[in-house]
């Protein structure tokens, strides 16, 4: 058991950078579907890619960077397009098995970004950054349409922090275009998690109350400009490695990816996509995790299921996962009970097997792998990690990609609800 707990502290996520398929837009109801490809690649880095914002500070810079020192790109503005959108194709790829990334255009450059419901700022790797981690990625050069604002921002995530400067430029997501989108240019990265990553930025999809300086996040500007019929987006995460089925959909959800109804739950704090669970059960038994209910965050930027440290350690004791995988058939069912709806996770949903080459893979390919760590053959690990979210939002549990693979998730800003429906795999 000690080995298992130690292993939790060195969990990492898989890196992969293959091209995916296409974004398909439904003209009649303005639904934009982005399909993602799953990739598989061995890595031995020792971080988990967790982008739930835990703290941020921001202030107006006293000595902003001289914009004349920056080489501009060559963006040429296009004529205003009619609101009736045409069919659009956009290639995407998946960064590791649970961090689904896709291209977004800033100015005249394309970047691979993580669409993250656990943060609200739009980060992009900047040409101003001199860290080695920055130099390994595409670095943003302001276009001729950029506006130099010079607001400073620091955000701490679960596994590192970023320092940046907020400016603005034109942004395109397929045929969705926002002309004056605020962007936090990454000036400094702290934490090798960013250096070892295969993405150039993070697009925060949480509520604007989390965003710096009361600037609108990207999705809020899309709402403001009435780009979609329904102001919602959804994630479907395929459980098949190297598949082309995973996707993010803007303007609705893909009913063909569902294996049952969607149940909606009200957001209790318009900061994260936070809802309230009545209980967390182990084999149907109340173990005291939620005496007054539990705060639950649906977060596409976190790979695992996380919980407050003491609760998570208790959960590990109750599951009692043998390192040699010998008790898989005896492991308990975990249930998140939310508004009377039970969302179950069986052992195949939350256990990863360590292979001879040091990778962690899903059991029988029934779920997508959420973490890859160094290890020996015939070992198993639970897809859990302790993470203490500070007040006032915490303490809270995070339903990361392990949960969001089994359940398609819908994020509705019209009704301020989160919906879950069993995904079809």
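The backbone N, Cα and C atoms fix where each Cβ goes, glycine too.
Now, the feature entries from TrEMBL:
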type	residues	note
SIGNAL	1-20	signal peptide
DOMAIN	100-421	domain 'Peptidase A1'
ACT_SITE	116	active site
DISULFID	129-134	disulfide bond
DISULFID	290-294	disulfide bond
ACT_SITE	299	active site
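Feature map: annotations from TrEMBL on the structure.
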residue: 116; record: active site; Cβ neighbours (10 Å): 25
residue: 129; record: disulfide bond; Cβ neighbours (10 Å): 22
residue: 134; record: disulfide bond; Cβ neighbours (10 Å): 22
residue: 290; record: disulfide bond; Cβ neighbours (10 Å): 20
residue: 294; record: disulfide bond; Cβ neighbours (10 Å): 22
residue: 299; record: active site; Cβ neighbours (10 Å): 30
**OP:** May I ask for the distance between residue 129 (disulfide bond) and residue 116 (active site), taken between their Cα atoms and rounded to an integer number of Å?
**Re:** 22
**OP:** Round to the nearest Å and give the CA-to-CA distance linking residue 294 (disulfide bond) with residue 134 (disulfide bond).
**Re:** 38
Original post:
For the domain 'Peptidase A1' (100-421), what's the model's average pLDDT?
Top reply: 86
